[in-house]
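In TrEMBL this protein carries:
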- 28-52: compositional bias 'Polar residues' (COMPBIAS)
- 28-59: region 'Disordered' (REGION)
- 148-167: transmembrane segment (TRANSMEM)
- 179-201: transmembrane segment (TRANSMEM)
- 213-233: transmembrane segment (TRANSMEM)
- 239-259: transmembrane segment (TRANSMEM)
- 280-299: transmembrane segment (TRANSMEM)
Amino acid sequence: MDYTATQSGFRQQPNMRLRTSLVDGSEGSQLFEDTSGAASGPQTGYSNQQAGPQAAGFPGQSILSDPMSNLAMAYGSSLASQGREMVDKNLDRFIPISKLKYYFAVDTVYVGKKLGLLVFPYMHENWEVSYQQDTPVAPRFDVNAPDLYIPAMGFITYILVAGLALGTQNKFSPELLGVQASSAFVWLIMEVLAVLLSLYLVTVNTDLTTIDLLAFSGYKYVGMIVGVVAGLLFGRPAYYLSLLWCCVAIFVFMIRTLRLKLLSEAAAEGRLVRGAKNQLRMYLTMSIAAAQPIFMYWLTYHLIR
């Protein structure tokens, strides 16, 4: 730098630097402005591309907003609801699922009292089923009401005890256990069908349903289990004694229960039964009750050796 220059010249040189720096700064700012402008250009276009389909709407909106499609969806839902109602109605006609809930409405107290009644029914006095507004109360509130819990559990327990008895004889096999279960189930169904046919032939007007008959026929499994377990623990004499006791108990139970369902009101009150129709009902009641000990012995005698 030349310091021999005049004072004015010396003073003008910083101005030159300032002007140069301003020019350089303007160029630098211009560089950044151009770069940002170049970058902002595609971003703006990308945002416009994003906003374009949203503003235009996707094809599903036009379909959903179509009145014909809405009408078709409503018609399809109504057809589905009608089909579901038809299936439920026909299913309930053959398998009354709504009624099955009544027969499983039990508790521990009811099960204990019912088992005691099946084994020792001699001291029980009131055998009538309680009603509430022309509807029988749930079994857990009335020990006289039929249920399906005890027959179902009795059937399963009988199959398990039968498998245990076969195992003690070295005869256990899955096939033989299946034959035992199938045989017991087939005899149960045949018994219920025979009772239904007899009621139809005798033309008995009763409120007994098929499920009621299935419940009453399934109560014999309790005595069968008692007899087989006694035989396994104490031998064949204990089997005969316990089975004989349970056979007499189930016979008394069935007579006192079914006479209120099959016989006339006069017979239910203990008055003399007269007329051929009432005699047929009495014979039918005794036949159903007498069939229980026969099935109990037939399905258990081969399990005890």
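Here the Cβ of each residue, glycine as well, is placed from N, Cα and C on the backbone.
Looking at which of 179-201, 213-233, 239-259, 280-299 has the most CB pairs under 8 Å to the transmembrane segment (148-167), the answer is the stretch 213-233.
Here the transmembrane segment (179-201) sits against the transmembrane segment (280-299); at least 3 CB pairs are under 8 Å, leaving out pairs fewer than 6 apart in sequence.
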